[in-house]
2 protein chains.
Amino acid sequence: MSKKKPLILVTNDDGITAPGIRHLISIMKKIGEVIVVAPDRPQSGMGHAITINDNLYCDPVKLDSSESHEEFSCSGTPADCVKIGTQEILKRKPDLCVSGINHGSNSSINVIYSGTMSAAVEAGTQGIPAIGFSLLDYSLTANFEHTTKFIETITKNVIENGLPKGVVLNVNIPKLSAKEIKGIKVCRQAKANWQEIFDKRKNPQGRDYYWLSGEFINEDSGEDTDEWALEQGYVSVVPVQFDLTAHHVIKDLNDWKLND
Amino acid sequence: MSKKKPLILVTNDDGITAPGIRHLISIMKKIGEVIVVAPDRPQSGMGHAITINDNLYCDPVKLDSSESHEEFSCSGTPADCVKIGTQEILKRKPDLCVSGINHGSNSSINVIYSGTMSAAVEAGTQGIPAIGFSLLDYSLTANFEHTTKFIETITKNVIENGLPKGVVLNVNIPKLSAKEIKGIKVCRQAKANWQEIFDKRKNPQGRDYYWLSGEFINEDSGEDTDEWALEQGYVSVVPVQFDLTAHHVIKDLNDWKLND
């Protein structure tokens, strides 16, 4: 770790006022120089959405007069925040991008829906080491105190070791006290998915509408998965890549009759 | 291929009236029984966004009185369309889901921003064989005629061979005549990315705002990539997975000092 303080871009998907990002900012200020560029409102479930058919606002804000770091509130998605942060707001490429702490899990298949993780992935595509942090507690009044030491440890390891090109980290933290948490485990993404349930209703004009909800189904009993680690009381760390190629399938597809 | 006509769910991200999906529907009607559930307006760049903080409408529509298949227009994202299509609209699990034809490329890193591909991935998470089709022409008046035979060939191969669990296909088609296209190539996703450029302007009230644009940078000269194939005049087929775990990195991360 160099003696110069690392420059850290902080963002999230629950919006700049969410308790999760406020706690993450307080941790990062002990580790480096912090600049915040975060959505002006909740953007959960936004996946890797970007704003291409509308304009973006990105304004300086001061949420706490006792704080000296700079913060910007952006009208776009988490991925937009990283793009505008690195290209327009920051004077140099950041040494690290952290996203979160998300109010709710981003383990297993949730990574593909996650605005928190898409911000980290976006930074990764720009060659910036990046970590998404999530707490397994959806409450807006969730307690983040116990996350501090695990976030510090993982962040310091990333700054010290760097991350391989094309890889970012997906960190999920159980809703347990610091004492109850057994440690940090490197895992693979569990093969789980959502079984959707739509709640069908009628609006006052008589038109049908739906609320999406669902049930999380984990049929992956592997003890090397994030779901297993979290159930056992560990913090899970999954290395996530954005080369989505299923390399193992290419050979088989070449046997297909695609050019007859 | 069984004698029973396959049930095919068709969706896209440019909206249900886009010429690309109208052309895809006409192709699929020759292959199977078609049901369309597509966004009621353009949803480009939506990535894998889903609608969790708002309700969804999904209404039957009749865009062409000569057509006998059913179509539904949905207020949500492409991933929402697949979820509500499979859970609420279709009477049984479809044999195939196709998404597109997108007006514009979804090759290389664009796969992570693509609503077209997120619809295919969503179907994949439900165990439905799925393909996203894109044409390298962003114009709303793009000519899709030459795409027909390639889409037919790939679709029939998928119906005949199935797809491995956890894998969907990302197909991109050059903006060339059918004669000029050299064939179909199975590829890996090129390691390319976007160099953002923000166009900063002032609104009539004097407040700064931005338009996101960017330059596509491909530093991957591999002749096994989708970018290479498309440049050479081939249709590219990339097998895409939604297990994002960077399995090759797990061993190295286990050497970190995460539990000292």
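Backbone N, Cα and C atoms are what each Cβ position is placed from, and that goes for glycine too.
TrEMBL entries are annotated by machine, without manual review.
The domain 'Survival protein SurE-like phosphatase/nucleotidase' feature in TrEMBL is assigned to A:8-196.
Long-range Cβ proximity for A:Asn102 (divalent metal cation binding site), meaning a same-chain Cβ under 8 A and a gap of 6 or more residues, is found for A:Asn12, A:Asp13, A:Asp14, A:Gly20, A:Ser114, A:Thr116, A:Gly132, A:Phe133, A:Ser134, A:Leu135. According to TrEMBL, the divalent metal cation binding site annotation covers A:Asp13, A:Asp14, A:Ser44, A:Asn102.
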Secondary structure of A:Asn102 (divalent metal cation binding site) (DSSP, helix/strand/coil): strand
Entry from the binding-site residues list A:Asp13, A:Asp14 having the most other CB atoms no farther than 10 A: A:Asp13
Proximity to chain B among binding-site residues A:Asp13, A:Asp14, A:Asn102, where any Cβ pair is under 8 Å: none
Additional residues surrounding divalent metal cation, by Cβ distance to the A:Asp13, A:Asp14, A:Ser44, A:Asn102 centre under 8 Å: A:Asn12, A:Gly15, A:Ala18, A:Gly20, A:Pro42, A:Gln43, A:Pro78, A:Gly100, A:His103, A:Gly104, A:Ser114, A:Gly115, A:Thr116
For A:Ser44 (divalent metal cation binding site), nearby residues of its own chain (Cβ under 8 Å, 6 or more apart in sequence): A:Asp13, A:Asp14, A:Gly104, A:Gly115
